[in-house]
Structures are given as C-alpha cells and as structure tokens.
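Chemist: This is the structure I have questions about; it appears just below.
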C-alpha cells in the first residue's frame, strides 16, 4: 500500500502543477469564457459540439482540476490513515483538500458571475497553497526529512525569522504577479528596469501595477540572497537549510530572468508559463523550510526539557 501511496503522491503533485500552469494558460490566452458562463457543463453541453481553441483550453483546465480533486481527496484519506504518526500529516491533508475546494469554487464563480481582477488574483494564490501542501505531504511520504536529518534540526531565531518572513512575503509577490496578469498589465512597461526610456516612472494604473510587482520581486530576490549567504556561512552542517536556501536562490534567479524575458519577448506563452512554474516551485521549497522551522521550535523545546530533567 505504501508503494501505491508514493505513486499517488507523485501523480497528484504533477496534476496540481498542471492545474496551476493550466490556470496561467487560461488567463494568458483569454480562454476564461471558453465554455461561456456555464459550469460544470461547457456551453450548456456535457461534450461541447463547437470546439474552439479557447473552449479546448478551458475544458482541459476543468478536467485536470476535476482529476486533481479526486486524487487529492484519495491522497488525503490514505495519508491520514497510513501516515498519521507523522506530526504534520493531518494538517497538510486538511490544507490540501480545503484550499483545492476553495480554488475550484472560486474558479466556478469567476465563470458564472465574473470577478474583479483583484479577486481573480487570489485564485492563483489559493491554488498555490494547495499545491505546496501536497508537495509537503509527498515529502513526508517519501521521508525526505529523514534523509536530511531534519527531525533533529535546531535553528536560531534569526534564521526562522527569514524563513517565515520570506515565505509570507513571497505570497504577497505572487499576488502582485497574478494581479499583473488579470489586470492585463504584463506589457504596460515595455522597458526594464524602469517603465520606459521616455517615461521612467509610471503614470497610470496598469503601469503602477507592473512596477509595483517589479519592486516587490527585486526585494524578494535581495532577501533570499541575504538568507542564502547566512545559510552558507552558518548552516553548512544542516543540509536541509543549506540546500534549501541555495535551491530557493536558484529558483528566484530563474524567476527573475524569465520575468525580464516576458517583457522583451512581448509576453510569449513559453515565458509566461515558465514564470508560473518557477514561482510555484519556489513557494513549495519555502513552505518546506517553514515546516522544518516549526520542527526546529519543537526540537528546541524537547532538548531544553530533557536538559532540565537531566539536571
């Protein structure tokens, strides 16, 4: 059964990643109304008779979301049953399921009633939490923490501050990026790093949205770089922290490069999807560091309690 659960966890993680990228594809191609205002049917039909490209994209996104719902539900039930001895299992199972349902309902509401761009941006963020929760659940199932000796890890308050702070801030950056997409402000500023050569500062809403995201992205790049330097200097023996920040920096660097290329390639589809892919992976890595950080707090308390009993 454990072998089956491992395969299920991998397939579920990949399916949720496809859902995330599919949502970005729907937004990028303007396929949100590919099935009209009909849900769960498509243009009022179970199998639509008129298959335009927008309809195929929207319908494919709905199908992958539906399959993800089934897989996540099954994974949550089995992990709850067979891995309940691991402290985080129940919490992650609940988060995976609840946020998947929430993003499905928001997606349906957006189709039927329409939503403001600011609300639609939350849709991607909710999907991201469900994806990260399933990734962490998969890591627990594969016992990644044991391979990195994460169960005995103890971090200082400074490192935990950076982990929690960067993760929370990354979610804000994700929201600003999703807002850029839904406000259709991707090409509002045709130059980089300033808005344009003739007009370096933004003057209207779409330019402010775009430049706001750029500033937020630059700050998270600098913050992750700083945290990585601390990890390299002081956590070389703690492999999960050491490599966690190095991987995070690689991902945020790739994210920044692709973000710049989005501007200079006239928002090509490939660059837009890579932009969503890298931020999804980065957020999952940061969430894993958060989980390790909470374990560090527990480990520190247990060590302190043991030392007191010894005395």
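Just so you know, glycine gets a Cβ as well, placed from its N, Cα and C.
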Chemist: Compare the topological domain names that Swiss-Prot gives for residue 84 and for residue 117, and report whether both residues sit on the same side of the membrane.
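Modeler: Different domain labels for residue 84 and residue 117.
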Chemist: Transmembrane segment per Swiss-Prot: which of the ranges 38-58, 122-142 is that?
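Modeler: Among 38-58, 122-142, the range Swiss-Prot annotates as transmembrane segment is 122-142.
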Chemist: Between residue 123 (heme o binding site) and residue 195 (disulfide bond), how many Å separate their Cα atoms?
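Modeler: Cα of residue 123 (heme o binding site) to Cα of residue 195 (disulfide bond) measures 27 Å after rounding.
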Chemist: Could you check which of the recorded positions (42, 61, 213, 275) sits closest to residue 195 (disulfide bond), going Cα to Cα?
Modeler: 213
Chemist: Under 8 Å, at least 3 Cβ pairs, sequence separation 6 or more: does that hold for the transmembrane segment (272-292) versus the transmembrane segment (92-112)?
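Modeler: They are not in contact.
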Chemist: Determine the Cβ neighbour count for residue 42 (disulfide bond): the number of other Cβ atoms within 10 Å of its Cβ.
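Modeler: Residue 42 (disulfide bond): 23 neighbouring Cβ atoms within 10 Å.
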Chemist: Validating a neighbour-count step here. Other CB atoms within 10 A of the CB of residue 123 (heme o binding site): how many?
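Modeler: Its Cβ shell of radius 10 Å holds 22 other Cβ atoms.
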